[in-house]
Amino acid sequence: MKLHELLLRKISRLNSSTPNPHHIRIPPLSTAKLLDIITTSNPMEPALENVAPVLLPAVVNSVLKEIKNPQLGFRFFVWAARRRNFRLWVSFDFIVDMLVEENGFELYWKTLEQLKGCGISIPSDAFTVLIAGYRKVKMGEKAVEAFGRMYNDFDCKPDLHAYNVVLHVMVEKEVILLALAIYSVMLKSNCAPNCATYTTLIDGLCKSGKTEDALRLFDEMTLRGIQPNRITYTAILSGLCQAKRADEAGRLFNTMISSGCSPDQITYYALLDGFCKLGEFDKAFTLSRFLKKDGCVLGIKAYSSLIDGLFRARMFKEAHELFQKMSEENITPDLILYTIMIRGLSDAGRVKDAWNLLRLMTERGVAPDTYCYNTLIKGFCDMGLLAKAKSLKLEISKHDCFPDTFTHTILICGMCKNGLVGEAREIFNEMEKVGCLPSVVTFNALIDGLCKVGELEEAHLLFYKMEVGRNPSLFLRLSQGQNRVLDSASLQTMVERLCDSGALLKAYKLLKQLADSGVLPNISTYNILINCFSKAGNINGAFKLFKELQLKGHLPDSVTYATLIDGLQRVDREEDAFVVFEQMMKKGCTPSSSVYKSLMTWSCRRKKVSVACSIWMKYLMSLPGREEEAIKAAEEYFERGELDKAVRGLLEWESKFVDFDSAPYTILLIGLCQAGKSDEALKVFSILVEWGINVSAPSCVTLIRSLCIEHNLDQAINVFCYTMEKGFMLKRCCCNELLQCLLTQGKPYNAMDLLKKMNYEGYNLDALLYHNTKVLLRSQWRTQKTENVSLR
């Protein structure tokens, strides 16, 4: 008689006898005895059921570690997973480790098929561990397939843990639409979500830029009575900061603390990083001081966020000082921080220092990765040092890295920016040969480069190649059996329908194809081409593209409308430009300041200064927090011709705002000059100087020329002197025009005095002066010499 049968008889006798008055304790089954049952019983399940009452979870876990035959181990785990009292996460982790070994997944599936053939029900946990295994080896498609087969092929209803693990996979693989569809299925099947479910989805939505959706889900979570934990708060705080909603992030942080949920270092760092990216340095440094008071040591992550934020705000000196301070505190920079420093130095134009830092980090044993090299390559391209940038591309492979799509895109942008479109085209053609597929940014860069050198036809051909080449919309058409392109709302509906019908894997493949291709023309592509057609005077071609982008499911943005408006103005269709402007607002697209400024500029060029002023007033009324009464008062001053009062009133009111923009004042100044109203332009100039607002060099040039035409040379000299005080170096034509006016209109001494000042301020007079100006100066010099002789 076998050992396990003897044990079963003893157990049955004990169970059938009368209650033991002395409470005799039945000893638990040992690991060795349980192993014997597993290896000798076929099938093992009936024998295991008999000994289940005397099994301890620790013994189950011990057996899984000691069992030699993986298939027997998997089968035993599936049996144990049916009983909640045997659930140990250690066992789950151990099975995951077994799965990722050679042939592990294959043997596990074979085991599941055997159990299905024997009519043995398979619990949800058996699939949860399988999905977790695929997640560990980053095989998202296989994880989704396992989840789909769970209820399609094995009639196994997923429980909360299975849903949560597969949602993690989908968020990691950036298929948030599918995660939301699965969440919908979960609710329909009456499986109540928990904090982990919501946290996963909220994190995914925030990372994909859907902050509003994340906040709605956050509200839904609290309405269900589920308390957010530290990780949930951290995810939503990061999302709010990413969406540039720092005030809301601060308020939520306070809510988190008041609700009794203590932030940890990760939460603090997430908020600190958000404040830094938004340029909210007062809040960032206040938070860092609070961290120190709370006993937290500012680590490398905190320093990296602060230095990165300072560089982004172009506070180069402060960033470098903080880097030095960090070194003094014996915090060793890592690859991320070195990359931040290299990017910051490159942005400051200090590419030589960035290059030296790359060499220093290598010497210190920190190997640069492709992203680090890309940062420096961009720095060299921005400075026009293209040969150096190309040599760095070749150097990447020395550190077991490879140039990627971003490397090639940066070089293509650099080449196009410097007019080397032929070389950019060669790099583009090489990309696929080395396994780098061009992204939408790559296409946009080359299309823009081709447009700028006038190769409009080739740019248009590249646009169609982009659309047809690896176009996922073709897959969408095939999947629906329809000849149409789906917008995002239709896509979401389609994914939900596929999930409801059990075609989960099909939905995943569809979304991954969309995500991985990334070469559909986006709104930026259309804007580049519309701008190109508009500048070429082909406004009909621009409008055709405008209609096409809407048919393809894109919404025109402020840049699209601004480009069309500018194009219509170029071909003298002013009325149509204002019609498009009105249409833009009716469609709910808020015009940016550049749209208003473009309309103002064109109205000024047509000498319609009053129209430009009314556009300006309309722009001011569109801004949040502006006082209607102040704008109306300025309008009345303009109507009465009291320009100086209107400008002073607006400056007094507008200067209170952080987002004050001096450009409309500059446009008005230039417009008055173009309309021949140099006296009024001079008033605007004087008021701007009085208020400490810098008047740009081009505005000064326009005003000087206008004053010269009006023979107001004393004021023209004053404006020229203002440019020298500000360190502007004006172009030859303006300088010579003013000097010639002074020399020919009876002000030679003023001309001589101005020349002395120009020489002192660093003007190269020999190279600057035209031949005619030099002739006039010699003539004046001879006249002065003759006068001096006659006086003697």
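Cβ from N, Cα, C; glycine included.
TrEMBL annotations: computationally assigned, not manually curated.
Below 8 angstroms of C-beta separation, residues 160, 163-164, 167-168, 170-171, 174, 176, 179-180, 183, 186, 235-236, 238-240, 242-243, 245, 256, 259, 261 of the same chain, each at least six residues beyond the ends of the repeat 'PPR' (194-228), sit close to that stretch. As annotated by TrEMBL, repeat 'PPR' applies to 194-228 (among others).
Nonlocal intrachain contacts for the repeat 'PPR' (229-263), taken as residues 6+ away from its ends with a CB within less than 8 angstroms of a stretch CB, comprise 195, 198-199, 202-203, 205-207, 209, 211, 214-215, 218, 221, 270-271, 273-275, 277-278, 280, 283. Here TrEMBL flags 229-263 (among others) as repeat 'PPR'.
In the repeat 'PPR' (264-298), helix, strand and coil residues by DSSP number 26 helix, 0 strand, 9 coil. The feature repeat 'PPR' is assigned by TrEMBL to 264-298 (among others).
Residues or ranges marked as repeat 'PPR' in TrEMBL: 299-333 (among others). Mean pLDDT across the repeat 'PPR' (299-333) comes to 86 in this model.
Across the repeat 'PPR' (334-368), DSSP helix (H, G, I), strand (E, B) and coil residues number 26 helix, 0 strand, 9 coil. Annotation source TrEMBL lists repeat 'PPR' at 334-368 (among others).
TrEMBL lists 369-403 (among others) with the feature repeat 'PPR'. The DSSP breakdown of the repeat 'PPR' (369-403), given as helix, strand and coil counts, is 27 helix, 0 strand, 8 coil.
For the repeat 'PPR' (404-438), the DSSP-based tally of helix, strand and coil residues reads 27 helix, 0 strand, 8 coil. Per TrEMBL, the feature repeat 'PPR' maps to 404-438 (among others).
Annotated repeat 'PPR' per TrEMBL: 439-473 (among others), in sequence order.
Feature annotation from TrEMBL assigns repeat 'PPR' to 487-521 (among others).
Long-range contacts of the repeat 'PPR' (522-556) within the same chain, counting only residues at least 6 positions beyond its ends with a Cβ under 8 Å from a Cβ of the stretch, are 440, 443-444, 447-448, 451, 454, 456, 459-460, 463, 466, 485-488, 563-564, 566-568, 570-571, 573, 584, 587, 589. The repeat 'PPR' feature in TrEMBL is assigned to 522-556 (among others).
Annotation comment: TrEMBL describes 557-591 (among others) as repeat 'PPR'. Listed as Cβ neighbours of the repeat 'PPR' (557-591) (distance under 8 Å, sequence separation of 6 or more from its ends, same chain) are residues 523, 526-527, 530-531, 533-535, 537, 539, 542-543, 546, 549, 598-599, 602, 606, 622.
Per TrEMBL, the feature repeat 'PPR' maps to 661-695 (among others).
Remote same-chain residues near the repeat 'PPR' (264-298) are listed as 230, 233-234, 237-238, 240-242, 244, 246, 249-250, 253, 256, 305-306, 308-310, 312-313, 315 (criterion: CB distance under 8 Å, separation of at least six residues from the stretch ends).
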